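Only one structure is covered here, and it is reproduced in the block below.
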Amino acid sequence: SCDASQLCNCSSMGLEFIPPGLTAKITVLNLAHNRIKHIQSQDLQQAVNLRALLLQSNEISSIDEDSFQSLERLELLDLSNNSLAHLSPVWFGHLFSLQHLHLQGNSYRDLGQSSPFSSLRNLSSLHLGNPQFSVIRQGNFEGIEFLHKLWIDGSNLSQYEQGSLKSIKQINHMIINLRNSNIFSEIVRELVHSVAWLEVAEIELPVEKQSFVQNSTRPFRIEKLTFKEALFTDESISRAIVSLKEITSLKELQAINCVLEGKGRWDTTEIARSGQSFVETIIIIKAVIQNFHLFFDLEGMESQVNKLKRLTIASSNVFMVPCKLARNFSSLLYLDFHDNLLVNKRLDETICERSWPSLQTLNLSQNSLKSLELTAKYISRLPNLNNLDISLNNFGEIPDGCKWPKHLKYLNLSSTQIPKVTRCIPETLEVLDVSGNNLKEFGLQLPSLKELYLTRNQLKTLPGATPILNLVSLSVRRNKLNSFSKEEFESFRRMELLDASDNNFICSCEFLSFVHHEARLAQVLVGWPDKYVCDSPLAVRGAQVGAVRLSLMECHRSLVVSLICILVFLVILLLVAVGYKYHVVWYLRMTWAWLQAKRKPKRAPPKDVCYDAFVSYSENDSEWVESTMVRELEQACPPFRLCLHKRDFVPGKWIMDNIIDSIEKSRKTLFVLSEHFVQSEWCKYELDFSHFRLFDENNDAAILILLEPIQSKAIPKRFCKLRKIMNTKTYLEWP
């Protein structure tokens, strides 16, 4: 179960004991979520280089005292959520390098009579406590001087000996679950000098009569106090405000998921008499005020807010702030009212004239604002406002013009259902977010704009660069962008970041060529190459744009088709030329004629026989044929009627038709054989196509006359039937 870095994961394997065979190579051993009950001395003896040991969520109830003796390099030990009924200092005696120790979720009720952690000089974070944990004694934390984080589950803590946590000189962040309000006061008094950030959960805030800094000397260290899931009343809040003023180092107060049982009837007289608060930041998230609509307007608290610099009240059903109170936030720079119930009518009261005079950042997102024009009008009363977030309000419409603060630089209009962008958006902006509005185009003239966010719209192309020449960062993620060209990209001369991820890119040859040859693209594109995927062509759908290479045919289809057409044309031209030179057309016509002849009856009717013989001869032998043979035969007694091509062929009729018709109308065919005959193309045609029919009939229609001696080798192989006749039948010789 170990990887190359010797991290061994044996979690959730149903183990009932630590597996044997652990070696010095192992650096991380995860045995969480098993059924281990006991850790023995020899189990971890060889794992001397172990850095992290995770044993949480087992059933460990006992550990041999020297079980961790060899783990001097161990930095993280997690024994949380087991069944340890007590903690022994001997377990941790040799863990000199330990930085993180998790012991919460066991069944021990206390930490013993002394400190279990006295030898852990390098400890940085400590988690302890459980629902049964009830006692913290003096000396339990001896040996620990510094902690980055201390987490104590003391939800049922009932006894705290004074000075128990004073031994820790410095704690950056302490979290404690605590229901006992008396112990809370004691702990706060002890920790004002050591803790920087104190976080208290599940407390029911007491009505504290004594001072938190009673008998304490300055300087105090605590700067931040957080309440989570706490319960307040009007009286306890009034006393807490007065008491916390005495902690002059306290700069930030937080209340998260807290409940106020009251209507805001605070003792403003006593609060005002107690002097000025030093708190600069107040954060209230998900405060529950029963019958919040009956809550008082906090009249009399005006003097307590003029030093406040940052205020957040989120998800708490705020529907207005009285104008009188708003005008006293003279030092407030940051105001966050997101996820509340503010409407345009109440906004006129909340942001009245001369209210929030120093405000620079305002967050009104996720409220119930409906009119962008009225919202802009009221917000224009804030002369120093730079940053405005009014996202997640359902404006629906956007006017052609709006009045805004003169120095507004950041505007968030995302998810506000505006159908387009108009000159209502101020030209002073440096950052504009109009994401999630189904915009189809963006063409505003914003010369100072540096960042533009157009995520989740319907843009098909990048916005034009001319109206936004100084743009440094552009986000067009999740639009309908198919591609972008080199010209579009280079038009943004100052572009440093472009997020065009999660679009359906058409991986055309032009787009891919630009992507592969633009060296600066990889430095500018956010999420490159993982978030840039082809949607088409179908063959590369789902592939990363940067990895796709299309073939020559896919990229230059028209060129390839043109070349193929040219090539086919040239081949046809070549075939025509070759056919012309070698009479291919004539051969084809001869073949057609031969096929037609084959389909005719093998013998012509007797009434159609007009000649005694058809004479086949070479033109070079015509003198002998015409002057000797024809004269002898036609003047014989009785005379023979011969068919000669010069004399008897029908004018205008195709030669082959003349030959075939003449042979069919003749009783015999005379072949005048000579060297000229076997070399003559015409004689070849006659033998190949016309006389072939005569030979197929196996009769004596052919008469051979050998005009001169012919060597057998001189007869072409194609004249195989001629050879056969000459070898098997008698032929005449001249003279």
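Quick reminder: no glycine exception, Cβ is built from N, Cα and C everywhere.
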C8: disulphide-linked cysteine among C2, C258 [source: TrEMBL]:
C2
Measure from the Cα of C402 (disulfide bond) to the Cα of every one of the disulfide-bonded residues C2, C8, C323, C352, then give the nearest.
C352
Looking only at Cβ atoms, how many others are within 10 Å of the one on C8 (disulfide bond)?
20
Would you say which of the disulfide-bonded residues C2, C352, C424 has the most Cβ atoms within 10 Å of its own Cβ?
C424
Quick one, of the disulfide-bonded residues C323, C402, which Cβ has the fewest other Cβ within 10 Å?
C323
Using Cα coordinates, what distance in whole Å links C352 (disulfide bond) and C424 (disulfide bond)?
22
Need one number: mean pLDDT over the domain 'TIR' (609-735).
80
